[in-house]
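Visitor: Summarising the annotation, Swiss-Prot assigns disulfide bond to Cys29-Cys81, Cys33-Cys54, Cys40-Cys61, Cys44-Cys63 and lists sequence analysis as the type of evidence. Taken from Swiss-Prot, the feature domain 'LCN-type CS-alpha/beta' covers 16-82, and the record attributes it to sequence analysis. Residues or ranges marked as signal peptide by Swiss-Prot on the basis of sequence analysis: 1-15.
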Amino acid sequence: FILVVIALMVIEVKSDGYLMVRAGREKGCKVWCVINNTYCDKDCKLKGGSYGYCYFWKLACYCEGLPESSPDIWTYEKNTCST
């Protein structure tokens, strides 16, 4: 039982979501894109994710494998985007 608890503590929970701009004029907005998977993947990995891509229908970077506690995941609650 103790080994299971220790294993669960070591395993980091991952989360997926849209990347969020955290500074400047677009703070609180999703990171936008059109077709640039390379940019989204690089930005995702810089923020601790495993894979990022441009979700074409939403025109925003989507990141998989971010730490669950990441402040870089866009949510409606954090949406302070005015545009």
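The backbone N, Cα and C atoms fix where each Cβ goes, and this holds for glycine too.
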Visitor: With Cβ-Cβ distance below 8 Å and at least 6 positions apart along the chain, what are the contacts of Cys61 (disulfide bond)? List them in sequence order.
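Guide: Same-chain residues close to Cys61 (disulfide bond) (Cβ under 8 Å, separated by 6 or more) are Tyr18, Leu19, Lys30, Val31, Trp32, Cys33, Tyr39, Cys40, Asp43, Cys44, Gly52, Tyr53, Cys54, Tyr55.
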Visitor: What Cα-Cα separation, expressed in whole Å, is found between Cys81 (disulfide bond) and Cys63 (disulfide bond)?
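Guide: Cys81 (disulfide bond) to Cys63 (disulfide bond), Cα-Cα distance: 19 Å.
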Visitor: Among all protein chains shown, how many Cβ atoms are found within 10 Å of the Cβ of Cys29 (disulfide bond), not counting that one?
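Guide: Other Cβ atoms found within 10 Å: 20.
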Visitor: Would you mind pulling the DSSP three-state label for Cys61 (disulfide bond)?
Guide: strand
Visitor: In which DSSP state, out of helix, strand and coil, do we find Cys40 (disulfide bond)?
Guide: helix
Visitor: Which has the fewest other Cβ atoms within 10 Å: Cys44, Cys54, Cys63, Cys81, the disulfide-bonded residues listed?
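Guide: It is Cys81 that, of the disulfide-bonded residues Cys44, Cys54, Cys63, Cys81, has the fewest other Cβ atoms within 10 Å.
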Visitor: What does DSSP say about Cys33 (disulfide bond): helix, strand or coil?
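Guide: Cys33 (disulfide bond) sits in coil per DSSP, no helix or strand.
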Visitor: Compute the average pLDDT of the predicted model within the domain 'LCN-type CS-alpha/beta' (16-82).
Guide: 90
Visitor: Please give me the CB contact count at 10 A for Cys40 (disulfide bond), counting all chains in the structure.
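Guide: Cys40 (disulfide bond) is surrounded by 25 other Cβ atoms within 10 Å.
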Visitor: Helix, strand or coil for Cys81 (disulfide bond)? Use DSSP.
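Guide: Note: Cys81 (disulfide bond) is coil by DSSP, not helix or strand.
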